[in-house]
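Notes to accompany the following structure.
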Amino acid sequence: MAQAVVPAMQCRVGVKAAAGRVWSAGRTRTGRGGASPGFKVMAVSTGSTGVVPRLEQLLNMDTTPYTDKVIAEYIWVGGSGIDIRSKSRTISKPVEDPSELPKWNYDGSSTGQAPGEDSEVILYPQAIFKDPFRGGNNVLVICDTYTPQGEPLPTNKRHRAAQIFSDPKVGEQVPWFGIEQEYTLLQKDVNWPLGWPVGGFPGPQGPYYCAVGADKSFGRDISDAHYKACLYAGINISGTNGEVMPGQWEYQVGPSVGIEAGDHIWISRYILERITEQAGVVLTLDPKPIQGDWNGAGCHTNYSTKTMREDGGFEEIKRAILNLSLRHDLHISAYGEGNERRLTGKHETASIGTFSWGVANRGCSIRVGRDTEAKGKGYLEDRRPASNMDPYIVTGLLAETTILWQPSLEAEALAAKKLALKV
């Protein structure tokens with residue numbers, strides 16, 4: 001099979017996907033005025049000539065030498081609360097801040113967000129990232145959604161999170177988040193995990209976590225392409241690894257401050273959807289894609305405040321754990337659809353109906369690292385969120401519950417006794 005040639009390509013990842021096709025990734029050359037090169041993931045049909053077809057040449061064309069206009073990809077969360085939608089528009093010149101971009105609209109009746117007789121939904125640009133697919137000065141734009149009257153849609157969870165993070169009490173605490181996004185790759189036409197025999201199962205879990213080798217690691221090229229594309233886009237991605245279940249991967253974003261955490265997770269999910277789309281692989285964030293003795297998929301959220309990170313911060317961590325225990329049901333109800341299939345008390349999870357915490361215990365609701373305990377300061381890990389959670393909801397709730405919400409003294413005392421917390 002011929003290898004596709006990409007002009008001035010500085011890096012390449014190749015995956016054999018099917019006969020007559022080569023999957024490759026590369027960086028295009030720098031454009032006019034020092035415009036950033038673009039990271040490309042391509043499905044290239046190669047015939048006897050081995051020449052990149054004209055369609056691919058057009059897709060990879062750098063327009064910066066020819067025009068100041070740029071393409072802005074407006075991205076928003078759809079009606080299900082987990083689906084990602086986007087559409088493109090031309091902007092007259094490069095932009096550096098979302099305030100430079102116009103509001104836009106779309107047909108909300110086609111996304112389950114508005115009735116047909118009053119279907120217009122307004123997009124408010126909120127954050128911009130470099131576009132790793134188009135390169136140059138083109139941008140990806142995180143938007144939230146409003147009615148024409150300026151009211152946030154019920155699916156606009158960013159609006160409430162922004163209110164929480166703009167509260168002076170929250171701002172003083174400079175909340176940090178490190179989010180571990182797990183996901184599963186599926187074979188397109190059979191909806192079965194990548195690398196698994198169709199209609200069958202691989203060997204038991206054990207050899208696959210952080211593994212290498214064609215018989216143990218499935219989808220590394222997608223994970224690597226996503227990693228590099230996120231770095232290019234300006235996402236604060238901090239790592240990636242193969243997960244316990246074969247065909248499942250994880251990447252980490254953070255530490256991020258406040259609302260930035262949600263923006264970075266949503267844009268990273270969008271980029272991952274685009275890469276899997278081009279690779280002909282299905283991405284699922286289902287928290288338990290395969291029933292049985294297989295790990296589910298979570299979105300563990302590491303969290304700290306300024307007080308937790310300072311000397312003596314472990315006492316503040318314990319106080320936060322106490323508050324979280326008192327609002328366990330509220331958090332569980334907002335931590336992702338289908339999470340009851342994952343939080344069973346098995347496969348490194350706590351039982352969904354019982355709040356628990358522990359040091360270095362991955363079977364607890366809240367885990368505290370040994371390093372945090374030893375230093376007397378640090379962070380906590382909320383292990384309850386599902387892989388399909390909304391990061392705006394989870395980060396906002398963590399800040400609200402641990403900084404703004406005040407339990408009654410009686411409830412606090414009872415919870416402290418139950419959890420053996422001396423606060």
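Positions of Cβ are set from backbone N, Cα and C atoms, glycine also.
What you are looking at is a predicted structure, and each value in this text was computed from that prediction instead of being measured.
What Swiss-Prot lists as transit peptide is 1-51.
For the domain 'GS beta-grasp' (70-150), the DSSP counts in helix, strand and coil order read 9 helix, 39 strand, 33 coil. The annotation domain 'GS beta-grasp' is assigned in Swiss-Prot to 70-150 on the grounds of sequence analysis.
For 89-115, the entry in Swiss-Prot reads region 'Disordered'. Non-local neighbours of the region 'Disordered' (89-115) in the same chain are 68-72, 74, 76, 78-80, 83, 121-128, 137, 139, 141-143, 145, 147, 153, 155; each lies 6+ residues outside the stretch with a CB under 8 Å from one of its CB atoms.
Sequence annotations record features per position, and here Swiss-Prot assigns domain 'GS catalytic' to 154-423 based on sequence analysis.
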### Rounded mean pLDDT for the residues that make up the domain 'GS beta-grasp' (70-150)
97
